[in-house]
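**Q** Quick paste of what TrEMBL says about this protein:
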DOMAIN    2-66  domain 'DUF1899'
REPEAT    83-117  repeat 'WD'
REPEAT    133-175  repeat 'WD'
REPEAT    177-210  repeat 'WD'
Amino acid sequence: RRVVRQSKFRHVFGQPVKADQMYEDIRVSKVTWDSSFCAVNPKFVAIIVEAGGGGGFPLCPLETHPSISALQTGRVDKNHPLVTGHTAPVLDIDWCPHNDNVIASASEDTTVMVWQIPDYVPVRNITEPVVTLEGHSKRVGIISWHPTARNVLLSAGCDSLVILWNVGTGEMLLVLEDIHTDLIYNVGWNRNGSLLVTTCKDKKVRVIDP
């Protein structure tokens with residue numbers, strides 16, 4: 001009679017990465033919001049950090065670029081340049097799936113900002129967004145790019161609104177204002193972007209055709 005259950009994973013152990021394969025000493029934001037506080041694409045990893053007087057996030061390169069002498073991994077300098085322009089903490093960030101140099105950020109200051117990032121690591125803070133999207137009346141905690149349509153960004157906030165934006169013009173394409181009765185927890189697109197699903201504090205999951 002076998003006492004210990006047989007397992008293929010019983011003697012499998014992970015190996016920690018070496019110092020030249022990771023970034024250290026990043027002061028991740030302590031804002032109480034259900035977010036991953038980071039976003040990655042083929043060029044950069046962005047992490048929401050504590051920033052005095054507002055919100056920001058540094059950009060750490062993932063590969064050596066011709067304009068960068070060496071890939072600077074290891075301990076991140078506390079004075080590392082930030083993408084910063086919000087007047088309150090940043091709650092969510094998301095890289096554009098169609099352009100690796102474009103990232104969006106949502107903040108407690110009720111705005112969404114879209115940023116153009118250079119291929120090289122900037123030597124000073126990036127403070128001027130390409131466009132600022134204003135339409136929410138309360139803090140914005142969720143942003144998500146449309147998976148197939150260019151320049152279409154979704155935002156959701158504590159005002160129970162879901163807004164679709166044309167970031168090229170800064171205009172609202174659609175405002176879903178009478179669907180949710182409470183705080184929106186999360187939003188997700190299907191593969192081609194024809195449907196989106198939301199979870200809400202009112203204990204309902206909604207599938208929406210935008």
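Glycine is no exception: its Cβ is also placed from the backbone N, Cα and C atoms.
TrEMBL annotations: computationally assigned, not manually curated.
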**Q** Other than its close neighbours in sequence, what residues sit by the repeat 'WD' (83-117), given a CB gap under 8 Å and a spacing of at least six beyond its ends?
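**A** Non-local partners: 29, 31, 33, 35, 38-44, 46, 48, 51, 53-59, 125-134, 136-145, 147, 150, 153, 155, 157, 165, 167.
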**Q** Can you name the far-off residues of the same chain, 6+ from the ends of the repeat 'WD' (177-210), with a Cβ under 8 Å from a Cβ of it?
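**A** Same-chain contacts beyond the flanks: 34, 141-142, 144, 146-149, 152, 154, 156-158, 160-162, 164.
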**Q** Near the repeat 'WD' (133-175), which same-chain residues lie under 8 Å Cβ to Cβ, leaving out any that are not at least 6 residues past its ends?
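**A** 33-35, 88, 91-98, 104-114, 181-184, 186-189, 191-193, 196, 198, 208, 210.
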**Q** Please list the DSSP helix, strand and coil residue counts for the repeat 'WD' (177-210).
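**A** DSSP classes over the repeat 'WD' (177-210) add up to 0 helix, 15 strand, 19 coil.
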